[in-house]
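The structure is given below, and queries will be raised subsequently.
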Amino acid sequence: MIQKILKFITENDMLKANDRVIVGVSGGADSVCLLFTLMEIRREIPLTLAAVHVEHGIRGEDAKEDARYVQRLCQEYDIPFRKYCYRVAEIARERKQSVEEAGRELRYQAFEEACREYHANKIAVAHHMDDDAETVLLNLFRGSGLKGLAGIPAVRGKIIRPLLCVTRQEIERYLWDRGITYRTDATNLTEEYVRNKVRLNILPYAEREINTKAVEHIVKAAGQIKEAEDFLESYAGERFKTCARIQEPKGQGPLTVSLDVSAMSGEKPVIRRLLLRRGTELLAGQMKDITARHIEMLDQLTLAGVGKEAHLPYGIIGRRGYDHIHLFRSMSCSVSGPEDAGPEDAGAAHSDRKDISRNRDRISAEFDYRVPGGVKVEPEEGGILELPGYRFLFKVRKCENSEAFPEKNYTKWFDYDKIKNGVRIRTRQTGDYMVVNSGGDHQKLKSYFIDRKIPRESRDNIPLLADADHIIWIIGYRISEWYKITKDTKRILEVQVEKEN
């Protein structure tokens, strides 16, 4: 296996003599294998290694034992060891991120800090072939374009992944043959996270029932997609220089990327989409949550009338001009995720929402509301959020003592300071509940649906306003008693919803 990894390192130009490498070591099988293989490889390529362990402050004593294990391992083999501790759950709430997303950012933050401390020029992480296959499938299911289907890159900047050429089974066999122990993170064995469902169910089924080399074949296909994607990106990069004009903001105006429609129209659809993707990434700074479907919505603007718009995550707006498609970032509404629609009477919705502006003809990106996590909303930034079939208006303001709150089906008011985990628009998920009376009694969302005799086939389509597992509002039905306005309320979140015909 070492020769296989060494060949992969050489082919991808990962390491050179005298490189200084930070190795991310959680204590699990993958990262322990990475550390040991690099210790072996430095016999062939002179390397200086330092291990970094990140404690997330989530798993209590188990996590502390992981850290102690890695520290003992490093002491035994004379590897410099550095531990970083974060309260990931707390930081995730502050940043309004998922725990997984915040944890990943903090890990790489720690690696970068360690690079400065140890004057390292490389960061080695332990992704392997199974991780690559999982990523390809997840991106496929979520509607990714070519870049997402190309899998995990072997090298990205100073980050290297030497184990991408080996499977989890090969890693475990390597450790077993050498009598090397490792720690097991119990959270990797639960189906709470979507990635674990792919890891524990889908890939094993594919290998067992379809092809024993399913993982290898997925990764090989991803490599071929990457080759094609690299070629297309190179061509699109040259065309972007001639098709796009970047306009710096004037005063308080936004940065704008303008793409020449005439120049783009002569290109194949795949190139047009890559040009639009480049412009979008330039504005958003990342492409997380922006799927192939969003780029297709921008592409539709090439055939649309002047003034038509497409709305994407991160407040990115595409607007059709006379000769150009103008891409810019809205100053009013920040969204970071995919999502969609729900139930009830359109007439009632319209009567509640007559004050929402309709001064533009818009094309809204078709978010898939069944994607786990839904749409993350930043209510304090205000503004209108459009989803297929629905339009939302969010407003946060101070509570006035004399204020009255009439009963309306599609306009609701909530105690904003009681929302602890941020606001998301999504559909139901396991563990959802509401507070159903002033005594604080909980009712599972599933039980509520059963009591209301809502058909099973309709339940997955009902949009929810959620604070983690606590449902703030079953849109079109009822709100949680917990978030109701009281005499102690300081700030109000007002949400208006309009169901479009």
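Note: Cβ is positioned from N, Cα and C throughout, glycine not excepted.
Annotated ATP binding site per TrEMBL: S26, G27, G28, A29, D30, S31, in sequence order. TrEMBL lists 423-495 with the feature domain 'Lysidine-tRNA(Ile) synthetase C-terminal'. TrEMBL lists 336-357 with the feature region 'Disordered'.
On this model, are these features tucked inside or out on the surface, and what's nearby?
Residue environment of A29 (ATP binding site) contains 23 other Cβ atoms, counted within 10 Å of its Cβ in all protein chains.
Across the range of the domain 'Lysidine-tRNA(Ile) synthetase C-terminal' (423-495), the DSSP-based residue counts are 14 helix, 25 strand, 34 coil.
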Same chain, not part of S26, G27, G28, A29, D30, S31: whose C-beta falls within 8 angstroms of the C-beta centre of the ATP site? Give them in sequence order.
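After dropping the recorded site residues, what remains is V25, V32, C33, L34, A126, Y182, R183, D185.
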Residues with Cβ closer than 8 Å to the Cβ of G27 (ATP binding site), same chain and 6+ apart in sequence?
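Same-chain residues close to G27 (ATP binding site) (Cβ under 8 Å, separated by 6 or more) are H53, D66, A67, Y69, V70, Y182, R183.
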Once near-sequence residues are set aside, which residues in the chain of S31 (ATP binding site), 6 or more away, have Cβ atoms under 8 Å from its Cβ?
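The list for S31 (ATP binding site) reads V23, G24, V25, V125, A126, given in order along the sequence.
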Mind checking which of S26, G28, D30 has the fewest other CB atoms within 10 A of its CB? They're the binding-site residues.
G28
